[in-house]
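Visitor: So TrEMBL says this about it:
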DOMAIN    A:194-255  domain 'Transglutaminase-like'
TRANSMEM  A:6-27  transmembrane segment
TRANSMEM  A:328-348  transmembrane segment
TRANSMEM  A:360-387  transmembrane segment
TRANSMEM  A:399-419  transmembrane segment
TRANSMEM  A:425-446  transmembrane segment
TRANSMEM  A:458-478  transmembrane segment
TRANSMEM  A:484-506  transmembrane segment
């Protein structure tokens, strides 16, 4: 029974085609040498509404700049003809300036841009290098950052006493400020009142942290920006930055980010400033409209080559919101996981409950986490497998018996879920993430296997299924695999070819090497 | 490294499941004919049509309504076997014998007619067949030849002969043990005894781990022991293989005390453990 020639020909052609297009696209991608791989992408729109005054009206707001962890692109300003827009430098910040001489008119304008951000962790040494000159402005006392005030000074020195290195000192200051109860205070809170009231929002906390740091001689400043989440919001955010070993290192004492900035932090300006300023006495309103954009980190969407690469990929489906990136990834992973299970079964020779069960369980593990998920899976199969055994002994027909198992499985899941939510146990409430039907069939097969082949072989199969699940999970957690599968769906053709080759593999399975060892090892014969 | 994993020296021509499926089963057995081997009623029809020695079929019960009438027609028999036609792993098989005072007994205990009817109903309902319905086969009870008792005196032993295009490749004798609950299957703790195909004699005993020269439950050596009717058994296996449109088969036979070799059943997916029992790869037996 040989594979027909035409078949080989078609397969060879398909795989060649796949390899050629993959190589071509990889070549195009490698040409645009973007080395910025963002974790998250957002579109941000500032919207301003106001009524002009009887004299000239000005609105100013900080605009974002590129740096090592954020890239800004496709800036677009939309405004009526009577308003003039310009950008002006303000120290190291950039401001947008909208100016009009129209009088007593209602105006609305917007400014939008795309933000690509990476999260960044800063490593701190125990002892910091000496601070350079010209840092005086970051050490001084201001109206709202009362560095030299006695309570600040006393607290700072108290906290310092318990710490023997620079890093521990900063950690102590940070922990103190982080520990202050947070409150949504809209009015301005200076460092001293944040300390005295023992309650503050982001700006109070960041001022207090800056004041404490400056008091101990660490250069510090306020940083302003917006935390980006899919929403329409009016709140901006402030955090502190300390100058450590030549870098400005972020500390967000409100959200507990120590020397770390998440990917969705839009940095806008430095200094103890307000994001927006406008002419006195006008009616003014604003909002920030933020939408999250699906992104592929290896894709630089502005590059011309990208267009040609994505035209022959599934990225369009995600862009047009036909399917979410996650669902598409899961869909594409199914064949790859299947191939892995086929390899494990036909080459390694392990036994599993069902062919695709390990793949689906591995998917569930992505949601629940590996250890919890494994334990839950084991529990569900064992528990339902064992509690349905009495029904076997009654001598029930197969199908009604299967329905009993399914019902018990659903009950266990529902009860687990209920208990999980009631007592706030997250791992219990994740029970329903598992593929119920397939799990039931596994439990059923497990209990049947106990009867047919004994506990020993049944637990062996269960254990080997767990092994296959772990291998699938390892495969799914490979970083960047989603990018590759979405950009190079031709890989699926290669999976077919691989299976054609695997499907004709007649060699001994690895487990058979053990089984037939007496016949393979000459010393026995 | 990779080539070492994939190119294991295999001078004996041992085949694994991959090769069995691709080179033996798929090209030689068509899936639509599997049913002829999987359904014992169909198997026996073919055997009877070709005058191949096998247990006589007394009755086939397809519906619950037939049970009473068919059972009554069997009352002049002194022993019989109830079997599910599509049972697996030997489940549901019941041997019934009439006692001296004319009562039906199972495993030495008297069994009421109601219990027998219940068992037949269970078979027809598919309880032993992983299906929603099945057929109950009632046939002659074979009395094993004393040859088997000389090796081990309990349970149901049988011979397995592998045939390829009606050519016997390899054979073994499967024997129950005190641990195997009357069953002779290798993976149910039975033992396999190798067969010298040319001489018709037994070789070594294999219990799944070790080789020895005697059954695990006694000390009687088996090596070189002559199998009665051996040429006749080979002939019977060949005749059976020709009668089926399946070219790769595992044929199970027993030897009746009076009637000699009888076919028990045929398998389309015979296991590979027979290679271990005979210390020989199946590929080296294919000419």
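Each residue, glycine too, has its Cβ placed from N, Cα and C.
All TrEMBL annotations are machine predictions without curation.
Give me the local environment of each listed feature.
Guide: Same-chain neighbours of the transmembrane segment (A:6-27): 308-309, 312-313, 487-488, 490-491, 493-494, 496-497, 500, counting only residues six or more beyond its ends whose CB sits under 8 Å from a CB of the stretch.
Residues of the same chain lying 6 or more positions beyond the ends of the transmembrane segment (A:425-446) and with a Cβ under 8 Å from any Cβ of it are 353-354, 356-357, 360-361, 363-364, 367-369, 372-373, 376-377, 380-385, 388, 401-402, 405-406, 409-410, 412-414, 416-417, 419, 458, 461-462, 465.
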Visitor: With a Cβ cut-off under 8 Å, give me the same-chain residues at least six positions beyond the ends of the transmembrane segment (A:458-478) that come close to it.
Guide: 333, 336-337, 340-341, 344, 350-353, 357-359, 361-363, 365-366, 370, 374, 377-378, 381-382, 442, 446, 449-450
Visitor: For the domain 'Transglutaminase-like' (A:194-255), what's the mean pLDDT in this predicted model?
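Guide: Average per-residue pLDDT within the domain 'Transglutaminase-like' (A:194-255): 90.
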